[in-house]
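Here is the structure we will look at, set down as structure tokens.
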């Protein structure tokens, strides 16, 4: 039970950080403006993403909300069943849950997701903190599952 409470608190803290950064961006940067943050590495901007990754499937908020809920509920169920498994499995699922819920909050409350990070050194989609949680969480989860498969667990 203690481990579940710790994971829940971590999820809430991660969501809080995501929402805090999004709120700061909305208040400090006009829509569409780009500001250098770490020169030649990362710029900050304010983008209202009404689609999915890379802004695909624009204005399908209900679809994304339903998909997000299904994924988050599935991740919570899987986490519940595998709470005593490896630290990495738990960490990956925790990040996926926090990232999914962070973007879900935006979709439901605003009808779009606030994106802000622009990588200056590569042509890549503008993304947010929750997207980072999701990406890192999926990578960690895949590595943990691959490791379990190799070890025969």
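If you go along the chain as it appears here, the first residue is 1 and each next one adds 1.
Just so you know, glycine gets a Cβ as well, placed from its N, Cα and C.
Predicted, not measured: the structure shown is a model, and the values here were computed from it.
Among the features that Swiss-Prot reports, active site is placed at 115 (among others), with the record citing sequence analysis. Sequence-distant neighbours of residue 115 (active site): residues of the same chain at least 6 apart with a C-beta under 8 Å from its C-beta are 45, 47, 48, 49, 125, 126, 127, 128, 131.
Residue 131 (active site) falls within a helical segment according to DSSP. According to Swiss-Prot, the feature active site maps to 131 (among others).
Under the heading transmembrane segment, Swiss-Prot lists 6-26 (among others), citing sequence analysis as support. Sequence-distant contacts of the transmembrane segment (6-26) (same chain, six or more residues past either end, CB-CB distance under 8 Å): 44, 46, 79, 83, 90, 94-95, 97-99, 101-102, 105-106, 114, 116, 128-130, 133.
Long-range contacts of the transmembrane segment (60-80) within the same chain: residues 4, 7, 50-52, 90, 93-94, 96-97, 100-101, 103-104, 107-108, 111-112, each at least 6 residues beyond the stretch ends and with a Cβ under 8 Å from a Cβ of the stretch. Feature annotation from Swiss-Prot assigns transmembrane segment to 60-80 (among others); the stated evidence is sequence analysis.
Outside the transmembrane segment (85-105), and at least 6 residues removed from its termini, the chain residues within Cβ reach (under 8 Å) are 3, 7, 10-11, 14-15, 18-19, 65, 68-69, 71-72, 75-76, 78-79, 113, 128-145, 147-148. Taken from Swiss-Prot, the feature transmembrane segment covers 85-105 (among others), and the record attributes it to sequence analysis.
Per Swiss-Prot, the feature transmembrane segment maps to 124-144 (among others); the stated evidence is sequence analysis.
Residue 115 (active site) falls within a strand when secondary structure is assigned with DSSP.
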